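Everything on this sheet refers to the single structure shown next.
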């Protein structure tokens, strides 16, 4: 090859090129991001609309359906999900990965503007924001101290939030807990009625009186003046003195209302219990720090933690900042462990090669290809904005053996020719040239399986794009190294023969004997045709029989990882107040504190955010000591805690070791336009789930909400008065919850001003009946206009693609796999026989698993087809590639056997490793086949060529296979220990098991099949 000759003739130039690659690779590595998992482009736009006091039913009709209708026609839309809850409507538009996120954002904004024309005027302007499945906080910071809830929230919202968002990489800060300052105008209902004043009128007048508006610019006497009209109040007390016009007369606010500096009605609360230091903070503010998609998670967290003491100095004395949750610490540990395993794999590979070769010079020549290929890969990865994460590092671990195999093949052939008497320089050129086709073919097979993987678009598939990219790039660099650096170093370092040691003699004798015995066994196999047939049939029988092991192997969507946390979500009786929930929370905390593994407790009642939760819902996160410091896993603790929580009456709990917010492992949904049939069917399903074995807990989004006061306007009266339901609802909502009538500015901060009736006027239901409604200048009470009944509202109304939906989430017990639970649910739905109007679909992770399994099956088939096409092209033969592909069932035997023996489960990562294995498994057979053809072309008989090619390449085949297995061994031996081990171990086991059986069987099955086919043809 010209490139090989150039490298040997120009060693200095070759060295400089390699040094340059290494230098730029190191620079790229130092600047590449570090995250737990690859970033995923899954554009999702959230539209959140607030209508204070509105029930889920009211929001569904007046807000949610209007937005759904508009956004449903957007291009590349995957689904539209909506939640109508008390006070809040949330519509989520999920787009396909091909959609540009900014384009999606602009399109949704345009559609929401159109929808707003049909919405009630009393709604607060919809908040439109991007959402992402990877929007988990990098850090959770708890602020506590000797201040009131209002002061803590004010510090968080107006000071800390700004300080954190100034840090490069922070995109958002979510605040939970505390009390938000609000200026309240509490009107006296009786006095307002006497004046003939309703709150809507008063609010509009107050807002107009507390407003500055630009009046343009004015040029006079060579100077330019800006004109401003109106004024803004300078103090809270000044609001009382605002004058409004009523019936042609001036009226001050203090004549009908009291103004007070107060807080928003609290809807959530956060507490923190530091068990390590025996500190309990009953009123804290929690700040969740979110990062930009391209930010380096570990560096960002480190920067935030470095700034924390500085930020604390800017807060009043007695205020402290602590970090109960640091996701970056786990990420850093997982990435560190994975990187350490890669380095250990390289060292072990070098050591095992020395045992095979016995010449440190050869080991250096071969081993140097691994770090050069890996480091150079970062140059390309940086250009694609890839990050250093679990998937890229796992790809490095899996590819260690593959990266070195090309150099092993080349160096073994060079040494063989040198030992036959050829000068080292000529041996380097000729030796590389002889195996060029085999090396290119094996590299091509490694690459071709990743083409379909790179095009995967399912939720799990997009995670593996960086995995495929990393292996592909590293493999290409290893090919270049094997054709340039390897022969160049061989021509220099192997000029002189080292004095043979006893160890060298031992190795030579061992491999010579092994080769001879292998050759004799192959002679026996080829002597009679039926022996080869029996071998092949036996291999296929074992292959088919090995699938019986699947009955004893669990299948889960993703591995279960101990991330040092246990999550509990507790639902109290509908209508429970914040105070009642707080008392329950204390009891639950006492139960969890009994576990010595718990170091901190974080409790949130009625969490707010994109998906607010009512005050009857509370979430407790138990932060555990590291796994190495405790005897029980987070899964064991979660199941023990679940038993205790289930014993508490009137409480429904869900406990998880791996988080609840991202969705439970198994979810399915019922959909129907017939709401009554949907309710009846979901009730039957829920009753069946309560009796089903294997379920640790479940949740359904059809739960009841608060107690409901239904105000039903009397049609004959409201129509006569030319009133609408909206007019009555607005008056009631303004009276009870109030309406925002502007902002009060103080020290550069803004606080809402809200007008409502004072609490005494609406303290019981009887008084609510007296809320006045203004009709043509005359006041009517609600009691005169409507009938009042009592009910229980829905907690939320859920739609998927505009259809009413009830979704169930299932948490299987630890001994029940995801696949087994899906089977149980399928059987349940068959037995229940839902009405034809009700459709059942998988949702959440179960939907992703179904979609991903289908895509992986297609990817697997396409990879095999591409493998065949590549080998057919390289071999210029239609039939021989089928012989080489027999290594694939051989590999599957080892995969299933080793997974079964290890007691681990199969999952999506295992399936990806199987696809990766396709390219690795055929390499040995290509090597033997290619040399067989060369010997035939030199005039050897078919029998001689078959035996000689297999004998000659035996050592190389064993070395490359052992290198692949040893390179991934550190990951396989973890078996669940260490951060991120649950992700690495399944892939390593698949690789090792597959490569062992494919190698052993390849040495006999492929030569015998080739011999039989070739002999029949001759």
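Yeah, the Cβs are placed from backbone N, Cα and C, and that goes for glycine too.
The following features are taken from TrEMBL:
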- 12-32: transmembrane segment (TRANSMEM)
- 338-356: transmembrane segment (TRANSMEM)
- 363-381: transmembrane segment (TRANSMEM)
- 393-415: transmembrane segment (TRANSMEM)
- 435-455: transmembrane segment (TRANSMEM)
- 467-494: transmembrane segment (TRANSMEM)
- 533-553: transmembrane segment (TRANSMEM)
- 856-875: transmembrane segment (TRANSMEM)
- 882-902: transmembrane segment (TRANSMEM)
- 908-931: transmembrane segment (TRANSMEM)
- 952-969: transmembrane segment (TRANSMEM)
- 989-1013: transmembrane segment (TRANSMEM)
* Intrachain neighbours beyond the transmembrane segment (856-875), with Cβ under 8 angstroms and 6 or more residues off its ends -> 437, 440-441, 444-445, 448-449, 451-453, 456, 461, 881-882, 884-885, 888, 908, 911-912, 914-915, 918-919, 922, 926, 929
* Proximity verdict for the transmembrane segment (338-356) and the transmembrane segment (12-32), three or more C-beta pairs under 8 Å -> no
* Asked: Going along the chain, which residues at least six beyond the ends of the transmembrane segment (467-494) come within the CB cut-off of under 8 Å?
  -> 1, 3-4, 6-8, 11, 14, 17-18, 21, 38, 361-362, 364-366, 368-370, 372-374, 376-377, 380-381, 384, 386, 391-392, 394-396, 398-399, 402-404, 406-407, 409-411, 414-415, 418, 424-425, 427-429, 431-432, 436, 439-440, 443, 446-447, 450, 453-454, 912, 916
* To do: Considering only the recorded stretches 435-455, 533-553, 882-902, 908-931, state which has the highest number of Cβ pairs under 8 Å to the transmembrane segment (989-1013).
  => 882-902
* To do: Please work out which recorded stretch in 12-32, 435-455, 882-902, 908-931, 952-969 has the most C-beta pairs separated by under 8 angstroms from the transmembrane segment (533-553)?
  => 882-902
* Asked: In terms of Cβ proximity under 8 Å, which residues at least six beyond the ends of the transmembrane segment (435-455) contact it?
  -> 1, 402, 405-406, 409-410, 413, 461, 464-465, 467-469, 471-472, 475-476, 478-479, 482-483, 858-859, 862-863, 866-867, 870-871, 874, 912, 915-916, 918-920, 922-923, 926-927, 930-931
* Apart from its near flanks, which chain residues at least 6 from the ends of the transmembrane segment (882-902) lie with a Cβ under 8 angstroms of it? -> 536, 539-540, 542-543, 546-547, 549-550, 552-553, 864, 867-868, 871, 910, 914, 917-918, 921-922, 924-926, 929, 975, 986, 989-990, 992-998, 1000-1002, 1005-1006, 1009-1010, 1013
